[in-house]
Every structure is written in structure tokens, then in C-alpha cells.
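Please read the structure below before turning to the comments.
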Number of protein chains: 2
Amino acid sequence: MTLRLAVLGAGAVGGSVLDLAGEYGHEVVAFADSSSSVSDPTGLDPQTVHDRKEREGVVGDDDPEALFDTDYDVLVEATPTTLGDAEPGFSHVERALADDRHVVLANKGPVAERYADLRALEAESEGRVQFEATVGGAIPVLSTISDLGADHVTAARGVLNGTANFILSRMAAEGLDYEHVLAEAQDLGVAEADPSFDVDGIDAALKFVILANVLSDGEAEYRLNDAEVEGIRNVPGTALDLAAEDGRTVRLIGEATSDGVRVAPRLVPQGAALAVTGTQNIVQLETEHAGQLNVSGRGAGGPETATAVLSDVSRLE
Amino acid sequence: MTLRLAVLGAGAVGGSVLDLAGEYGHEVVAFADSSSSVSDPTGLDPQTVHDRKEREGVVGDDDPEALFDTDYDVLVEATPTTLGDAEPGFSHVERALADDRHVVLANKGPVAERYADLRALEAESEGRVQFEATVGGAIPVLSTISDLGADHVTAARGVLNGTANFILSRMAAEGLDYEHVLAEAQDLGVAEADPSFDVDGIDAALKFVILANVLSDGEAEYRLNDAEVEGIRNVPGTALDLAAEDGRTVRLIGEATSDGVRVAPRLVPQGAALAVTGTQNIVQLETEHAGQLNVSGRGAGGPETATAVLSDVSRLE
């Protein structure tokens, strides 16, 4: 069944959803960036939209809010993640659910910071909320937990920030210090000009908070403030040298259980599943009856995350 | 929704489905081994069934076929995998589908050897066929392909036989030869008295044939005879020593694409994702838009495989 998507957010993820929706049998009927929107009930042509955005800096002539007045089935919320009240993302979700539309989130804010509010709104709506893309891009983390049943998964552990992992991998492989590798990562576009969201562990913590919310299955609610978070700024190159002498290395490891969330640099054996390199991500699920299941891959990127969004859309058919 | 299961096959998998169905919110109303069956419309007590099987060698007083006359929703076909016409498993599936019941397979035969026949029967029935458990136990291989869409996955590659992998891992780690490690694996219960199904690559090939059938999505049909298969009997210990000197090791690697199936011992880098150790399994999916996704874990075992069966059952709700 073809579902009509309204995509809010014109960054890498929103742009890739626009490009790839057709391949998944869906169509984008409305698309908005932070200052404008465009719609077409017969489906937007991706190239036309991208061209206008590049040429004029806007995607269309309408206000962004006009997107909600179009005839769509699924809101794809791909605006930047915000903390605290998770606005304006949360209000976007609220409006779509109030109109009995489905919501697929790439924005982590509403799931990490206002999970109970989100589930309460969903319960009042004909629409459903999906958010696989918020945890590790296309890596099948939430779908696997859903298949196993959240009550049969006792913990989720792993590496869910590619930037921090790239920096730690390079420090270990090249014997370089944090500042040097960070500058290199910024040159390569792997780290942002302000890298604090990644290197201070906030981004990873948000994802593990989402996992804790899913694993606790409504029995408890977690927010970023509930997580114990330590980043990688203070990991000295000498710590990696010492670890290497012992056959180990350091990774920014997160853990979510129904008891809460911790993210911190940890020693892991070299060659262990958790010692993924570069921008790879991995999640290990501890299950009651099926041992440990590992899922890994690229945890970010436009087409990768759009793939997760579109898989979520197909689950709504 | 509680689904009523009829479980055919009283080995490790069938027995674990009987034990765990209640935890997943379902109930087993009929259970059969090769010579008898027992049923209870209010749900069987697992321990009573196991006790009788142990004490008397049968599970009940009825013929195995009586299972089909009970009031069930889902047939769980967990009899041993057979090649060629995949009988008697195929006829069991045929009968359930003819009665418009769902089928969940742990038996690889019907999916690997008669995929087109199976899909044709499914198309005529109100029942659906699920078979996650046939490929890597609880490792979410088929569900991930389904989420991505089979047409967006270009290849599946990996290690899907724990016995062969255990033997190769031990040969490499201990510098022992094939016959020695095989005897050890047999003592540990990791290898069967007749290990040919595992060490000749047949079991892995069946799983990659199933993957090829899923990836080709009805455009082609594969059977075991279409696969190029080479096992591990002739891998000399010296080959592993030579590989190790080069930073590599040997694993029994299978590959499925829409062009077919190959299984053979291959050199892989030590520490690479494919170089799983012991009885671990791994599948790497090459995707069009989301890079390479890896899923790994224990690929066999009663509770592990029963977990996959029960996840499939829940998909039928």
C-alpha cells in the first residue's frame, strides 16, 4: 500500500527520505525545512525540491506549518534533536497524532525526553508512533527487541556514537592524542565544529535512554537527566597505550537496562565484538532464552537513517 | 492475542516451544513426536508431557496425525530437516495450509528444497508461512531482510554452521588437526556421531539456499542441488597455520545472492566480523542504501530456536 508522507526536516535524513521513498513504494506529498514548505498531492519530484533548496535556500513558497494541512498518512519528523521539552519536535508529533496520522521519528528528542507523554498521545490517537531510526540508523535494534518481546531482553549494551568511536579508534591505532584526532575528524566531516554532543556522550546517552524506555515497557520512564554520562574528552592517549599492552582498547560504551542508563569509556578486549572500528556502531542484546544477539553497521548517515525511517513506514501499512 | 499452537516434532526445538509458548502469551494445544500425540484444548502442561516422554518414550495415546484434527491456529513444524522432496515435513505444511492454518517452520527442508511449491500453497490458503528459525536460530536475519525489503538487499554472507565453526576455531587456536578436534566436538556434544551434515557444508548450504530464495523474491527458485558446496574435511591444520602467519584464519563461509549460493572454506582476516569463534553464527547483509549490516549470535539450540519460532508466531497475530 502506498503511504503518503509529510517530511519535516530538510537535512541529510529528510532529504534522503525524499529521495528513497519511491523505492519503498511510498510517496512524499509534503516537505518542509525550517522556513518553508512545498506540497503536491500527486507526489513531489525530489530533484526539483533539492534544486530549489540549493538555488534559493527554501524548499517552497508556503510556511512550514502548511505541511500539516496537506492530505498525508505519515508524518516523518526529522528535525534536529532538542533536549528538555524536545520542542519543536514534540509539538509536531502532537499535532499529527491529534489528526490521527502516524508518526515516524528520526528526531530522538521526543522519545528520549518525553517518552510517557508520547505514549499517552499515541494511546489517544488512531495513529501509531515508530522510531527505529533514532537508535543506530538502519541497524535493526528496536525491531529485534520488538520481535523478541521487550520483557525477554534484559539489557542492551554497545557503541552508538560513530564520532566518538572514530576518535578512540584513531587514537589507539595511530598513538595520537584526543585534540589531534578530533581536528582530523572535523576536517573529514566525521565530527562537527562543536563536537560536544558526540564526544561528551550526550548523543549515545539519548539512544540508550530510548532503549531503556523501550526495555522498561512503560514501567518506568527515563530522560537524559537520569543517565550517568561520561564522555571521551579526558581519555588520555597513554590510557590507550596501556590498554593495548594488555590486549585491550577503550570504547565509549553505553548500557541500558530496565534499571537505567550509563555511558562511559570502558576497557574492552581488542578483537571483541564491542571493539568496532571507525564510525561503526554495535548493540548487544542480552536475552532471556536466546543468549546474546549482536547487531552492527553504520549507525548514522542520510540514506542509512532514511532506510530505517522507510522500514518503519512500511510497518504502518 | 493468544494463538493456539500445534507442535509437530519433540526434539530440542519442539520441546522448547512447548516450554516457552506461555511466556510469549501463546499456548500449545497439541504436541506430537514421531509415534504419538497428545492434545488439550485448554493448553498442555509442559512438564507432564516431558515426564511421560521420558518415562514411556511417547508423548500421548493418539497417533501423530491426530494433531491435525485439533482446534489450533498455528502449526509449528519442527521435525528433522529432510532433503529432496522434504517429506514428511512438506505434507504436514500442506495439510495445515489446506485447512487455512498458519505455519511456522523450524524444519529447513520445505523452504530450502520446495520454496516455490510452498509459496504456491500459501497463496491458496488463508494461512501464512513464517520461517525465521530456519536461518540462524534467534538471530534476526529474515526479519531484517523483510524490514529492509528483499529488493534492497544485494547479498547475504556469513557463517551459519556452529559445528564447522567450532572445529575450525579450535584447529586454529590449538594447532590441532581436523580428526582430533572433531572427536573433541563429538565428546562435547557440539558435533553429531555422523557429522557429515555439518562438516560437509550441507546444513550451511540449506540456510543460504533459503536466503537466496528470500532475496530473489520469487524471481528464481533455488534448491540444495543448485548450490556449490565444499565442506571442511579437507582443510589441513597446516592451512590454518599458514593463514595465521598472514594475520588470517579460515571459516566456512556461505554466500547467497539473487544469482545463487556458494559455501566453502575461505580465508578471512583475524578479528574481522566474519571470524566469529566457537559455535557463534553471523550474517552480513549488503544493502543498497544502508551499507553492510551484521547480525550475530548463537545460531542453534533449543531455546534459541524456539525464541525465533515464537517471534514468528507473534507476527501472525
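Every residue gets a Cβ built from N, Cα and C, even glycine.
Please treat TrEMBL annotations as automatic predictions, because they have not gone through curation.
Feature list (source: TrEMBL):
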DOMAIN    A:9-132  domain 'Aspartate/homoserine dehydrogenase NAD-binding'
BINDING   A:Gly9, A:Ala10, A:Gly11, A:Ala12, A:Val13, A:Gly14  NADP(+) binding site
REGION    A:35-54  region 'Disordered'
BINDING   A:Lys108  NADPH binding site
DOMAIN    A:140-313  domain 'Homoserine dehydrogenase catalytic'
BINDING   A:Glu192  L-homoserine binding site
ACT_SITE  A:Lys207  active site, proton donor
Which has the fewest other Cβ atoms within 10 Å: A:Lys108, A:Lys207, the recorded positions listed?
A:Lys108
Nonlocal neighbours by CB distance (under 8 Å) for A:Gly11 (NADP(+) binding site), same chain, sequence gap 6 or more:
A:Ala78, A:Pro80, A:Gly302
Among the binding-site residues listed here, A:Gly9, A:Gly14, whose Cβ has the fewest other Cβ atoms inside 10 Å?
A:Gly9
Identify, in sequence order, the residues in the chain of A:Ala10 (NADP(+) binding site) that are 6 or more apart from it along the sequence and have a CB within less than 8 Å of its CB; answer 'none' if there are none.
A:Phe31, A:Ala32, A:Asp33, A:Ser34, A:Lys53, A:Val59
Candidate with the highest Cβ count within 10 Å, taken from the binding-site residues A:Ala12, A:Val13:
A:Val13
Identify, in sequence order, the residues in the chain of A:Glu192 (L-homoserine binding site) that are 6 or more apart from it along the sequence and have a CB within less than 8 Å of its CB; answer 'none' if there are none.
A:Thr163, A:Gln186, A:Asp198
8 Å Cβ shell about A:Gly9, A:Ala10, A:Gly11, A:Ala12, A:Val13, A:Gly14 centroid, NADP(+) site members excluded:
A:Val7, A:Gly15, A:Ser16, A:Val17, A:Ala78, A:Thr79, A:Ala106, A:Gly302
Indicate whether A:Gly9 (NADP(+) binding site) is helix, strand or coil by DSSP.
coil
Composition by DSSP (helix, strand, coil) of residues within the region 'Disordered' (A:35-54):
9 helix, 3 strand, 8 coil
A:Gly14 (NADP(+) binding site) to the residue listed as 'NADPH binding site': how many Å between their Cα atoms?
14
Across the domain 'Aspartate/homoserine dehydrogenase NAD-binding' (A:9-132), what does the pLDDT come to on average, as a whole number?
97
Whole-number Å value for how far A:Lys207 (active site, proton donor) lies from A:Val13 (NADP(+) binding site) (Cα to Cα):
17
Here's one to test understanding: among the recorded positions A:Gly9, A:Ala12, A:Lys207, whose C-alpha is closest in space to the C-alpha of A:Lys108 (NADPH binding site)?
A:Lys207
Reported as an integer number of Å, what is the Cα distance between A:Gly9 (NADP(+) binding site) and A:Lys207 (active site, proton donor)?
20
Provide, as an integer number of angstrom, the distance between the C-alpha atoms of A:Ala12 (NADP(+) binding site) and the residue listed as 'active site, proton donor'.
19
